[in-house]
Structure formats: structure tokens, C-alpha cells
Amino acid sequence: MVKTLKRILYSIIFIGLVLLMIFPNNPNIAKNETFDDIPLVAIYPNQIVDASSEPYPYLNAKGGIKFTRTLYPWQVGEDVMQIRKALKKIGYPISTTSYMFDQNMKNIVFKFQKDHGLKVDGIVGKSTVNAINKILIESGMTAPNIQTIVTKCPTNGYWITINKSSNTLTLLKGKNVIEKFPVATGKEPSFTPEGKWKIQNKVVNPAWKNIKGGVPENPLGYRWMGLNISDGYVFGIHGTNNEWSIGYFVSKGCIRMQNKDVERLFSIVKPGTPVWIGTQKKLSQWGYTVK
């Protein structure tokens, strides 16, 4: 009887060790995140299709809006503001000072789509951007720009701003904008800490709790850049296994990026890279303004 119990105990220990090897636990990475967020609005992941083969001659035409992603209601971004400005420019009554794809914007998009014989779905995808660009270009107008003005910077090298008002991460070099990326930030304004931080560590294929790194179901994606808040493993810039969440206020405080974007950023920045996080108002006070 005793020998049987010992054999069972040893078997349990062996199985436990094997499971730890397969699913390494890393409780330090993003320990503030729970990844139980559910969007508060209808998202349409099944309607996101690759329409690159369809005829959209004005989609990325010179003088038009550059198409980077499909926009859905309640997303936030500088590209949302640009669409607002474009709709205003071609005669639709819409505010041009908001980054939010709110209900009023959705109604305007409905009207635009109906006016121009498009599928009336309230989504700003390739066909809608193509139609907006067609009107702009054929009318001799150009797409409105989003201006970034930098009067102060922490370094002449690479650095990052994260605008919580527009859910936009900007990579700069000195006062020059290199690239902008849509992100997801905290579901409450206080969740993503504001301040002048730095990248403290970089991790390839980070593990999260009982999910090993480098697998599609990992909520941290394939890259982690920890910030020098707490121990560097609480708040960070990372990828995601739910790219639908990008552009929304959904996280527990981390900054989520599309995996292709975070991998590009990861390849450029180093530990010590400055990261400014704040609202539009706060960043403007520090010398970084978008309008």
C-alpha cells in the first residue's frame, strides 16, 4: 500500500515538472493585466477581409488619405480624426477636434455611404476611404493632415510618446516623427500611468502566467518592452492575441500594439529609450502637440 502511494506521488510530481517545462510560469510579466476585457460595442472581426484584389484606384492615391486599417465605432485614433476632417472638407457636418469614432460619426458615415452607393455598415474600410479620396482628388482637394509639433525632446536619438487621448504611439528621433502606431490603453484614465518613463527591459516571446511565450494564444504577443514603473515587469508595451482591441480603451494599464508593429518598434529602440505617456493636454505641456 505504501509503495503504491509513493509511486502515485512520484507520478504526480513528475507530471507537474513536465507541465512546468511546457507551460513556464512568469508571474512578473504584466502582472497587472487580467486580459478578461470584452468590448463594450459590437466588433466585426469576421467582416475584416483582404480586399487588395478589388478595384480601389483611389485608396492610396497621391493627395488622398493613406489607408492603414479598417476603423470601427468607438475606436480612437489620429486616423479617426483625419477621416473626420476629410468628411468635413467634402461637406458633411462633423466635428474635427475628436479622436473618437462616436455615434455621431457613425451616423455621418452611414449617410456618406448611402449617398455614394456603398454598403451602409458604419465601418470605414477600403471602399469608404476609396470613395472619400475620389471626391477629394477629383475636386482638386487634398487630404487633411494631422500635424505634430515638437518643441522639446528628451534626446536627439529615438524616443516614444504615447497619447492616451488618441491611443497613438509615436516613434521619434529628436524632433522628427519616424512612425505612428495605433495602440490600446487603459480602460480607465488612471490605469495607464502618465509620466516621463524609460524602457527598462526587452523580452522576446514573453511568457504570461501559465501560457508559454511564442504561442498565438499568449496575450502579450511576441514582444515585451517593460517600463521603469515599479520593477519593469508590471507596465509595458507589448503585442496581443486580440488585435481587435487595438484602438480601444481596454487594458489594465499596459500599452498593446499589433504584433507586426511591436516587432518593428522592438527592433529599433533600446533599454533606456525615453517614453512619454500622457493625455493630449499633458503632452502639449511637455512640448509635444498634435492638431
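A Cβ is built for glycine as well, from the same backbone N, Cα and C atoms used for every other residue.
Feature annotation from TrEMBL assigns transmembrane segment to 7-24. Annotation source TrEMBL lists domain 'L,D-TPase catalytic' at 158-278. What TrEMBL lists as active site, proton donor/acceptor is H238. Positions annotated as active site, nucleophile by TrEMBL: C254.
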Message: Just to confirm my parser: what is the rounded mean pLDDT across the domain 'L,D-TPase catalytic' (158-278)?
response: 95
DSSP helix/strand/coil residue counts for the domain 'L,D-TPase catalytic' (158-278): 13 helix, 55 strand, 53 coil
